[in-house]
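According to TrEMBL, the features are:
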| type | residues | note |
| --- | --- | --- |
| DOMAIN | 61-165 | domain 'THUMP' |
| BINDING | Met183, Leu184, His208, Phe209, Arg265, Gly287, Gln296 | ATP binding site |
Amino acid sequence: MNYDHILVRYGELTLKSGNRKMFVNKLRANIKDRLMPLQGYKVRANRDRMYIDVYEGSDIEEMMTRITSVFGVHSVSPVVRIEKELDVMKEIALQFANEFNDGDTFKIDVRRADKTFEMDTFQLNQALGGHVLENTNNITVDVKQPDHKIKVEVRKDAIYMYNKVLEGAGGLPVGTGGKTLLMLSGGIDSPVAGMEVMKRGVTIEAIHFHSPPYTSEQAKQKVIDLTKQLSYFTGDIKLHIVPFTNLQKQIHKVVEESYTMTSTRRMMLRVTEKVAHNIGAHAIVNGENLGQVASQTLGSMYAINSVTSMPILRPLLTFDKDEIVKKAQAINTFDLSIQPFEDCCTIFTPKNPKTNPKLEKVEYFESNFDFGPLIDEAVENVETITISKHDDIQKEKEEWMDDLL
Ligand code: ATP
Ligand code: MG
């Protein structure tokens, strides 16, 4: 099929009438970014739809896969644009039908926006449907529940025909909903939590706590790789790596063992809140899931959460583990996450962490030492790396060039 362009529908975007222009511009930029390194596509947008021209040799399948993964895209169709000539329309309808399987049903679905066109909807249905039936063997018409619809839009300038509608990622374009700081651990959950908030249009930066020499370079690299994988969906992401060893050691000196995990989480959160302020984020995101482990009971969340008044978003709070795993597989973070490198929390985890810690108790233990300066020191020594998929794209391009030569 000689497709002319890809039609992108926004869905929910249209509800936000006041901001529509900003939403559409962001979506267009995000789609262009996602289409790199395929390069050179013209993207035209109006208030309801976007059109991406395709050229000879374009890899339409690859383009569609990329576009459908962009948040804010509701659905996508590859479209053929043709002159207003019945013979040409018949021929294209037949080409679509030739791709159906034996026994399938279809329907011609005409929308006649140009009311001056010489044939009405009924006549067009008859003419195109009749032509398809005459020239195929094993397909039939079903107007109520067809397996396929051949959509025909009659507009002023031309006729547009398509029969595929691919579902998009939904949600809102990243960059339209403010900024959050994602606590990224290297486990399965937190990258998925990041994707969930990005789906609502939110931009993320990531923060990771590591405790050298107790945690390895590989553990750090794993988090860098996870961030890069997330950046494929959103563009560049800043990753803040916090040196956490001194704080962890101090916690173990002054806090009773069964409370060290609670205290560790509280210190993480105090550092995270400060970094969030510094970068202008309005909320913190984590991968917590109700009841999964000792630190994620309601009692624990209460004792941990009380160190900050900043909103903490927990998009996975009520998910089942298998739902999270499926999502991690879909965004290609699962295989990275299950690499076996030690996390700072795993190493310092007490044998019997309190599942229902008391706020007064943890506050009492922490009052034995002034943690403020160590927290400030950790924030001052944060290493910030900007992680970009574009480095890979540059490499990819160079490899293509090498192949050509
Ligand atoms: P994950 O798979 O995301 O690690 P988990 O089920 O293993 O989650 P925990 O290890 O209890 O859960 O961590 C809960 C949340 O705390 C994580 O989802 C993450 O947001 C945050 N977190 C834990 N460890 C770190 C870390 N080293 N750096 C940054 N955030 C962390
Ligand atoms: Mg973890």
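Positions of Cβ are set from backbone N, Cα and C atoms, glycine also.
Automated prediction, rather than curation, is the source of TrEMBL annotations.
Across Met183, Leu184, His208, Phe209, Arg265, Gly287, Gln296, which the record gives as binding ATP, the greatest C-alpha separation is 19 Å.
When Cβ neighbours within 10 Å are tallied across all protein chains shown, the highest count among the binding-site residues His208, Arg265 belongs to His208. The secondary structure of Arg265 (ATP binding site), as reduced to three states from DSSP, is helical. Annotation for Leu184 (ATP binding site): spatial neighbours Ser190, Pro191, Gly194, Ala206, Ile207, His208, Val223, Leu226, Thr227, Leu239, criterion Cβ-Cβ under 8 Å with sequence separation of six or more. Contacts of Gln296 (ATP binding site) defined by a Cβ separation under 8 A and a same-chain sequence distance of 6+ are given as Glu288, Asn289, Leu290, in order along the sequence. According to DSSP, Leu184 (ATP binding site) sits in a coil region rather than a helix or strand. Residue counts for the domain 'THUMP' (61-165) under DSSP (helix as H, G, I; strand as E, B; rest coil) come to 34 helix, 29 strand, 42 coil. Fewest Cβ neighbours within 10 Å among the binding-site residues Met183, Phe209, Gly287: this applies to Met183.
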